[in-house]
Amino acid sequence: MTQNNSSRAQAALAIFPVLLGVLSASQARINGSLADRVGHGLIAATISFIVGLASLVVLAVVNRSGRAGAARIWRAVRERSVPWWAFTGGLCGATYILAQSMSVPLLGVAPFISAMVLGQVIGSMCLDAFGWLDLPRHPITTNRIIGAVVMVIAVLIVAWGKPLSVVAIALLALGVVSGIALSVQMAATGRLNVVSQEGIGPSLVNFLIGTAVLLVVSSVGVATGLVPFHTPPTDPTSIWLYVGGFVGVVYIMAVALFVRRVGAFVLTLGIVAGQLLGSLLWDTLTGNFNWLMLIGLPLAFAGMVIANFRAGARRTDNRAADQDQAASDQASSGQASSGT
């Protein structure tokens, strides 16, 4: 009986990363829908970050370790013991949310998620190869090159079902850039986690910086007439449009909690599988489905598995150390993959 319960618990833990990925894809759909209603993805991204920041402030107030972590970061800032790039996570997260808010209304969820995952693979390869942001250097393996090529093909297949206008191609490129930004965010936030010794403080810093940047840029854009602005809906049926930021916070906390239980490799692949599955479900529900997705999305997942296969072996050999580092890295994303 005990063995059966243990098997069920392990099965539930294996399914959980997939559900997290579906949640991440849902955030993209929510923010994309909000962008449609408020006139521009920049406004939607700003609102999403404000909601996320408010959620984290409440969480920090009621959580003693979160307050202590934020205090450690502030102390490190005053002592100038933290490199400047450790605070770029908020800007990177803002780039991701802005990209999804601008891309999803036109492209759908699946093309954006596929492009974003490709960007993460490219970003992680570059960070590893050059040892940027104080990361240890790792050579670019054949597996990663093959995986990246497979994912490029997958993105092209998924996007092929859409009219490939100049704007659509630019938005796909923006999706790739947002994935690269998430890779940088993981490294930057991982550095803050070393200082704070927990996950809430770095997330609070990221949302604070990201919100400030988005508020300034969106205010200038609206004031100059470059960014259209529609009054945000206030009817009760539109409340769901504002939960994207809260979803990002839930994602961050869940990743930090479960990475130690299932391992970083399983968690990463499960999240990507869930993101691709969720994007397929949302595009089907919203009338953006095309049959090429049934080829491109599994191919994108296969590329991710190929690119991370050797990394998975290393994590198995050094499980405890890698999971501790991954907890720091993954705490940045709401994505990471995505979910800021």
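Backbone N, Cα and C atoms are what each Cβ position is placed from, and that goes for glycine too.
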**OP:** Match it up for me: which of 64-81, 82-99 does TrEMBL list as transmembrane segment?
**Re:** 82-99
Original post:
Does the transmembrane segment (264-282) make contact with the transmembrane segment (288-309) through 3 or more Cβ pairs under 8 Å, each pair 6 or more apart in sequence?
Top reply: yes
Subject >> Selection from 38-62, 82-99, 167-184, 204-227, 288-309, the stretch that has most Cβ pairs under 8 A to the transmembrane segment (111-133) >> reply: 167-184
Subject >> Dominant neighbour of the transmembrane segment (82-99) in 145-161, 167-184, 204-227, 239-259, 288-309, by Cβ pairs under 8 Å >> reply: 204-227
